[in-house]
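The phosphoserine feature in Swiss-Prot is assigned to Ser48. The repeat 'ANK 1' annotation in Swiss-Prot covers 77-105. Per Swiss-Prot, repeat 'ANK 2' is recorded for 106-135. As annotated by Swiss-Prot, repeat 'ANK 3' applies to 139-168. Annotation source Swiss-Prot lists repeat 'ANK 4' at 172-205.
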Amino acid sequence: MEKEKVNDEKPDPENSLDFSEHFNQLELLETHGHLIPTGTQSLWIGNSDDDEEQDEKTEEWYQLQEKKMEKDPSKLLLWAAEKNRLTTVQRLLSERATHVNTRDEDKYTPLHRAAYNGHLDVVRELIAHGADVHAVTVDGWTPLHSACKWNNARVASFLLQHDADVNAQTKGLLTPLHLAAGNRDSKDTLELLLMNRYIKPGLKNSLEETAFDIARRTGIYHYLFEIVEGCTNCSPQS
């Protein structure tokens with residue numbers, strides 16, 4: 001997803017989230033401002049003109065973009081991870097594996113970009129070359145936060161298998177579970193997180209809200225929290 005992407009369409013009431021007036025949208029906008037248009041509606045939901053335009057991109061177009069960035073392999077790796085250009089990612093890492101944890105101006109790594117776009121094969125390749133699953137952005141988001149925000153459950157599962165912290169908190173004290181709870185389409189991710197033996201569902205964000213508080217207000221899957229109801233002695237994560 002390109003950082004300069006802007007959604008000029010009006011939010012769809014059926015797809016947008018019903019946050020309370022006190023919900024901390026500021027952190028989400030500051031953290032993923034290049035991904036979230038006004039109203040916190042995901043750019044991946046619906047058939048926007050941007051989606052159609054990206055679908056029309058040809059292989060020749062992608063190759064041209066790569067050629068333009070060849071002299072800046074770090075920039076190219078970030079772009080390739082975001083665009084699911086697995087072969088390009090493999091080539092760049094074989095040439096210089098130290099670029100695997102390169103960062104953009106917001107401290108997003110290639111792993112963050114692949115995670116929030118759901119590119120599992122790219123995620124696998126990056127981690128195989130030493131990508132840091134604990135890397136944080138300027139606002140404290142880990143790759144797991146990025147995957148869970150957009151309901152990329154398969155990516156989230158893979159990150160957890162490679163020691164990602166299921167209870168990691170951003171600067172606003174948001175956990176991956178908080179972010180999944182705020183997404184109406186996050187059933188798979190919620191189930192994945194809630195069934196994790198190390199989950200701490202009682203953690204609160206900077207507004208003193210638990211993930212269940214957010215799920216009850218914004219989604220239809222708050223009943224899933226019954227999985228951890230009464231769980232006061234979850235195993236500590238070493």
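In case you wondered, yes, glycine gets a Cβ from its N, Cα and C as well.
Same-chain residues lying 6 or more positions outside the repeat 'ANK 2' (106-135) and placing a CB less than 8 Å from one of its CB atoms are 1, 32, 34-35, 77-78, 80-82, 84-86, 89-90, 93, 97, 100, 141-144, 146-147, 149-150, 152, 154-156, 158-159, 162-165, 168.
Long-range Cβ contacts of the repeat 'ANK 3' (139-168) within its own chain (Cβ-Cβ under 8 Å, at least 6 residues beyond either end) map to 27, 30-32, 42, 44, 106, 109, 111-112, 114-120, 123-124, 127, 131, 133, 174-177, 179-180, 182-183, 185-189, 191-193, 196, 198-200, 203, 237.
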